[in-house]
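Chemist: Got a structure for you, written out below as structure tokens; questions coming shortly.
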Amino acid sequence: MNRPLSSIKKGSVVYIQNIESCSQCKHHLEEMGFIPGTPVEVCRCCNKGPLVVAIRGGKIMLGQEMARHIMVK
Amino acid sequence: MSALTVALAGNPNTGKSTIFNFLTGARQHIGNWPGVTVDKKMGQMTKGNKQINIIDLPGTYSLSAYSLEEKIVKDFLLEEKPDMVVNVVDASNIERNLYLTVQLLEMGIPTVVNLNMMDEAGEKGYNINLEALGKNLGVKVISSVATSKNGLNQLVDSLDPSLTRLAGAADSKLLAEHLKAIENIKKSENNSEIADEKVIEARYEFINKVLEKSLVINEAKESWSDKLDNLLTNRVLGIPIFLSIMYVMFQATFAWVGQPLSDILDGFIGGTLTDWVSGGMESLGTAGWLQSLVVDGIIGGVGGVLVFVPLIFTLFLLISFLDGTGYMARVAFIMDRAMRRIGLSGKAFLPMLIGFGCSVPAIMGARALDTERDRRIAVLIAPFMSCGARLPVYALFAALFFPGRESAVVLSLYILGIIIAIIMGLIFKSTYFKGDAEPFLMELPPYRIPTLKTVLLQTWEKGKGFLVKAGTIIFSMSVLIWFLSSYNFSGPVDIADSLLATIGGVIAPLFTLHGFGTWQSGVAVLTGILAKEAVVATLGVIYGISELAEDAAQAATQLQGSIGATFTGLSAYAFMVFTLLYTPCMAALGTIKKELNSWKWALFAAGYTFLVAWIVSLLIYRVGLLLGLGG
């Protein structure tokens, strides 16, 4: 089942399914490597705050809002 | 033979600046890209008998015109057509970094890929086969560790367009396939959004195919960067650790290094230099008015600002260092949640903090924000952070009217500034600047120790504007104020009959309801727009302190009789509140104009802060009177 990235526990590795977001943010996220099928590890999260994820060999900080629009499995 | 133009392109945090500094040394200058406030760094180097112009493009993740920087880079590459591009790639983050590389290859510009930070890649367990990488990308690839200058001579050898293979040439089968694939997508897909998505996917597919043939990942050493992050971005400890670091930074600036140096400079300018100049002019028989102009006007005014230079450079040096270590990105992370409530992202926190030192770098710091909306809000509320120059005003009045309770009174003003900034943030968010704060998306760079050269160059870049301002705006304003305080239309007069007093008298009625409607306060408010430290200096001159006392307590005794007669405790507090909140100084207004690239916004900032100050100060005075605090 698809869930938003914001709901994933620290330490889990999940796979990106799709991004529901404004076209510009979506485009930006995709360019940063958030493409369907890409594995993402949640390194740091806290409720309502931003997250740190490891993706494609680098780390990225993501606001809670954005993470809510990234659907993962 | 005409000069060669080489552009440096790459993601942020790849060591591009270090490479640029190595190549050009001191032969560089910084301008602005047309119409925007992003720095344009250019430099020259000589190779053999050839002159090479180097342009350091802003760090970007792609060429999609998502941000201002990306648009600048794209436009530059398309319109100015450099002879070649050196694409600086962080080898330890190669997969994402190659995204920009692929876009450059698609544009067909002669490109050399410089894999930098090979040491960090090694620690991460990355084993990169340079030859295979170059062969599959279809370009020349070299490697370097820029911080220790390893491999940079090889880069200099490669600055020759004939040595780069043209992208798109049949050298790489994979690249040829990729170019064909995106051509097909563009032909067959009419919906541009879906086409864009497919192109992005195709690029990463190409990158993965290239890396399959050229990258082996071995087991990584345990990363100390991760361990440090667990501590520094800890939910409980993150903020206290951050506050401690800030405390040390401000201590270093205001107590250990910056202030003592400023005091020495102040002693020199106010003592030795003044004596020497007035003595010299005396012996030459210079006219009295000219002596007064040079000594009281120029040395007093420009010198009064120059004494802040050590303070400002110390603060900038520490900030540049912290910035170089990657810690600032963590600060944005831990503060994001709180900042979001006032309609800004975590990235906007830093400029606010710097504002306690000085509004000018705070306003400049808002550059780091990605959207125009966020930049504007941050610039408009940053001046409410009580800067160092306002402190002397509080120190003077608190010592005079609230003996024994100075710290509490001064602290209350700092807190009031923060509260007003929050309220204004909320108001802006729900009125003119509707909408959400920019989505927070930022790379988390590994911790690094910046090179001394990079830190020093950055400090100089940030601080030199201050020196320029002292020589231009402050210089001319000082002359003007001196003139106004020494003359009226009939000739040289006492300050009480001067044009300045007349002007102060015009302003004074504005503050009748506030309890400080005297021409003296009017003048102090006016000169405070020149520079906030001028408020105390002006009051000192007007109330006849022979030499502006360094020590607040000493000044308080001197002023006791004179100011005590015109202010009550309550009106003094209202005056302090007004000083805290009203129109930013000229230097800050000039910076606002420069950063927002608009006189309209600078004037708005000047006007609305004055209005806020007028209202808040009035409320405090009137409510205080009602509560019977007027005594």
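Each Cβ is built from the backbone N, Cα and C atoms, and glycine gets one as well.
According to TrEMBL:
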DOMAIN    B:3-165  domain 'FeoB-type G'
BINDING   B:ASN21, B:THR24, B:GLY25  Mg(2+) binding site
BINDING   B:GLY35, B:VAL36, B:THR37, B:VAL38, B:ASP39  GTP 2 binding site
BINDING   B:ASP56, B:LEU57, B:PRO58, B:GLY59  GTP 3 binding site
BINDING   B:ASN116, B:MET117, B:MET118, B:ASP119  GTP 4 binding site
BINDING   B:VAL145, B:ALA146, B:THR147  GTP 5 binding site
TRANSMEM  B:237-257  transmembrane segment
TRANSMEM  B:298-322  transmembrane segment
TRANSMEM  B:342-365  transmembrane segment
TRANSMEM  B:377-402  transmembrane segment
TRANSMEM  B:408-428  transmembrane segment
TRANSMEM  B:466-487  transmembrane segment
TRANSMEM  B:499-516  transmembrane segment
TRANSMEM  B:523-545  transmembrane segment
TRANSMEM  B:565-589  transmembrane segment
TRANSMEM  B:601-621  transmembrane segment
Chemist: Quick check: of the binding-site residues listed here (B:ASN21, B:GLY25, B:LEU57, B:GLY59, B:VAL145), which one has the Cα closest to that of B:ASP119 (GTP 4 binding site)?
Modeler: B:VAL145
Chemist: From the binding-site residues B:ASN21, B:THR24, B:ALA146, B:THR147, pick the residue whose C-alpha lies nearest to the C-alpha of B:PRO58 (GTP 3 binding site).
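Modeler: Going through B:ASN21, B:THR24, B:ALA146, B:THR147 one by one, the closest to B:PRO58 (GTP 3 binding site) is B:ASN21.
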Chemist: Sequence order is fine: just name those binding-site residues in B:LEU57, B:MET117, B:THR147 with a Cα within 10 angstroms of B:ASP39 (GTP 2 binding site).
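Modeler: Taking B:LEU57, B:MET117, B:THR147 one by one, the ones whose Cα falls within 10 Å of B:ASP39 (GTP 2 binding site) are B:LEU57.
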Chemist: State the non-local partners of the transmembrane segment (B:565-589) in its own chain: residues 6+ outside its ends, Cβ under 8 Å from one of its Cβ atoms.
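Modeler: Apart from its flanks, the transmembrane segment (B:565-589) reaches 359-360, 363, 383-384, 386, 389-390, 393-394, 397-398, 400-402, 409, 413, 416-417, 420, 466, 469, 473-474, 477, 511, 514-516, 518, 520-521, 525, 528-532, 535, 602, 605-607, 609-610, 612-614, 616-618, 620-621, 624-625, 629-631.
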Chemist: Can you see whether the transmembrane segment (B:408-428) and the transmembrane segment (B:499-516) are touching - at least 3 CB pairs under 8 angstroms, only pairs 6 or more apart in sequence?
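Modeler: Answer no, regions not in contact.
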Chemist: Out of B:237-257, B:298-322, B:377-402, B:499-516, what stretch is closest in contact terms to the transmembrane segment (B:342-365), meaning most Cβ pairs under 8 angstroms?
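Modeler: Between the stretches B:237-257, B:298-322, B:377-402, B:499-516, B:377-402 has the largest tally.
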Chemist: Measure from the Cβ of B:GLY25 (Mg(2+) binding site) and count the other Cβ atoms within 10 Å, all protein chains considered.
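Modeler: Around B:GLY25 (Mg(2+) binding site), other Cβ atoms within 10 Å: 11.
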Chemist: Rank the binding-site residues B:LEU57, B:MET117, B:MET118, B:VAL145, B:ALA146 by the number of other Cβ atoms within 10 Å of each Cβ and report the first-ranked residue.
Modeler: B:MET117
Chemist: How many other Cβ atoms sit within 10 Å of the Cβ of B:THR147 (GTP 5 binding site)?
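Modeler: The answer is 19 other Cβ atoms.
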